[in-house]
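For reference, TrEMBL has these:
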{"type": "TRANSMEM", "residues": "30-50", "note": "transmembrane segment"}
{"type": "TRANSMEM", "residues": "62-84", "note": "transmembrane segment"}
{"type": "TRANSMEM", "residues": "105-126", "note": "transmembrane segment"}
{"type": "TRANSMEM", "residues": "132-149", "note": "transmembrane segment"}
{"type": "TRANSMEM", "residues": "161-186", "note": "transmembrane segment"}
{"type": "TRANSMEM", "residues": "192-212", "note": "transmembrane segment"}
{"type": "TRANSMEM", "residues": "314-339", "note": "transmembrane segment"}
{"type": "TRANSMEM", "residues": "345-367", "note": "transmembrane segment"}
{"type": "TRANSMEM", "residues": "379-401", "note": "transmembrane segment"}
Amino acid sequence: MSLHAPQTVVARGATSSGGRRAIDMVPRGLWVFIDQAVVSLANFAAPIAVGRSAGQEELGYFVLGFSIYLFTLGLARAMVWTAFTRRTPQLDVADRPAYAGSATVHLLVFAAVSCGLTLLVATGAWALGYRLYAWLLTLVGPCAAAMLLREHVRRLGLARFDFFDVFLFDAVVSIAQVLLLVWIAVRGTVCANDAFLALAVTSMLAVPWLLLKSGAWRIDWRRVIPDWNENWSITKWLAGGATAVLLGKEGYNWLLSVIASIAELGRLGAARVIVQMTNPLVIGVSNYLGPVSAKVHADNGVAGLWRYTVRTTAVMASSIGAFLLGVAVVGVPIVQLIFGKAAEGVTTLLLVTLTAGLLSEALLIPIEYAMVNLGRTRLMFKTAIMRLVVNGSIGFGLVGLFGAEAIGVGMLLGSLVALAWQWAAFAQEARDE
């Protein structure tokens, strides 16, 4: 999938080693997709291990717990990483390590607060007698914090365009993650709690990696709060918008577990494996477009950003359409092959609607990066609120009537509203330029 990105191959001096020169010959953007393929394959292993080993209900608990991590991940992206990615190319090279240090402190504080809030909710669940939910929340809170630290190491590397370093880090963590899951499987059943512990333990490899890369970041305590205040002009709207979007998106999991069952949520989790197959491209595109979109805007202004955003969106839309056709034809046999008995009840209708809904959000990636670079975060907040309204009314209502098969429809409707609104605003800004 060609995104027509600016050439980012960097020539090294003749003193570079042969291996280093060979690495530099590969376009750096390509490393993003190779890296995401490695990460996705490793993350792919956790739900598959749980589903095949422990069954559909245990897979449902894993999906429910992972939705908590995805919620904290989305907020961290809005409150820390988006502003960090946007501002880094605008700074002098000498100032970037200190800014990366500030972002690291911001992330650590966010991870600690999110972990504390999750444990507080777990305490309430214990008090109300919801023991299974309480156990899950108690475990997922600290695990999610560790997983955020791993993602932060990746974001630091992406912002400085050191894509091979990100790949190397993820390869080490992913190999450790898969080996630990295999070890657990050999010893017995892989339950949801085991999978989360494996993800958390291996994510803590981020700590020695940060120490090894200490030259790329340093903490200047005098800058930590001013940098936060500078970012807050952007992140306050992004955080509000992300909260609205995530409540709508991840709320489907909790709604389904309440009105149906945890096993039904496991059926949904098995269906999601099809969408996860696109993660190397979709998340790779997202990771790549963040820093590249900021650079395109800095170098070529609104007109250049418009052209780049239109091209990337068109390529993604055509790719998603082709993928949906493939899902309709061979989706069910693939899910059954991967999950075995845990795929019971997965239908073509569920696969197509869920895939369309989840991938419709991928179409928002280029336009949302454009909005961030144009400083239109308040507009993004408004569209996020509208998405929450659509998901919370039409989407949740459809799920109440038709079950899991309607989740993708609600997501699709919410995404289409946001797409239309943001593209209309971008077109107006491009005309006024």
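Placement of Cβ uses the backbone N, Cα and C atoms for every residue, glycine included.
Heads up, TrEMBL stuff is auto-annotated, nobody curated it.
Since the structure is predicted, the reported quantities are computational estimates derived from the model, not experimental observations.
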> What residues in the same chain, six or more past the boundaries of the transmembrane segment (105-126), come closer than 8 Å to it by Cβ-Cβ distance?
Replying inline: 68, 72, 75-76, 79-81, 133-134, 137-138, 140-142, 144-145, 148-149, 152, 219, 224, 227-228, 231
> Near the transmembrane segment (30-50), which same-chain residues lie under 8 Å Cβ to Cβ, leaving out any that are not at least 6 residues past its ends?
Replying inline: 58-59, 62-63, 66, 158, 163-164, 166-167, 170-171, 173-175, 177-178, 181, 184-185, 190-192, 194-195, 198-199, 269, 272-273, 276-277, 279-281, 283-284, 287-288, 338-339
> Do the transmembrane segment (132-149) and the transmembrane segment (314-339) come together with 3 or more C-beta pairs under 8 Å, pairs six or more apart in sequence?
Replying inline: no
>> Quick test of the contact rule: Cβ under 8 Å, at least six residues beyond the ends. What residues does that give for the transmembrane segment (314-339)?
In response: 1-3, 48, 51-52, 59, 270-271, 273-274, 278, 281, 285, 346-348, 351-352, 355-356, 359-360, 362-363, 365-366
>> Within the same chain, where does the transmembrane segment (192-212) have neighbours whose Cβ lies under 8 angstroms from its own Cβ atoms, ignoring anything closer than 6 residues to its ends? I mean 6 or more beyond.
In response: 46-47, 49-50, 54, 58-59, 61-62, 65, 104, 135-136, 139-140, 142-143, 146-147, 149-150, 152-153, 169, 172-173, 176-177, 180-181, 184
>> Are there residues at least six beyond either end of the transmembrane segment (161-186) with Cβ under 8 Å to its Cβ atoms? List them, or say none.
In response: 8, 23, 26, 28-29, 31-32, 34-35, 38-39, 41-42, 45-46, 49, 53, 150, 153-154, 194-195, 198-199, 201-203, 205-206, 209, 213, 216, 291
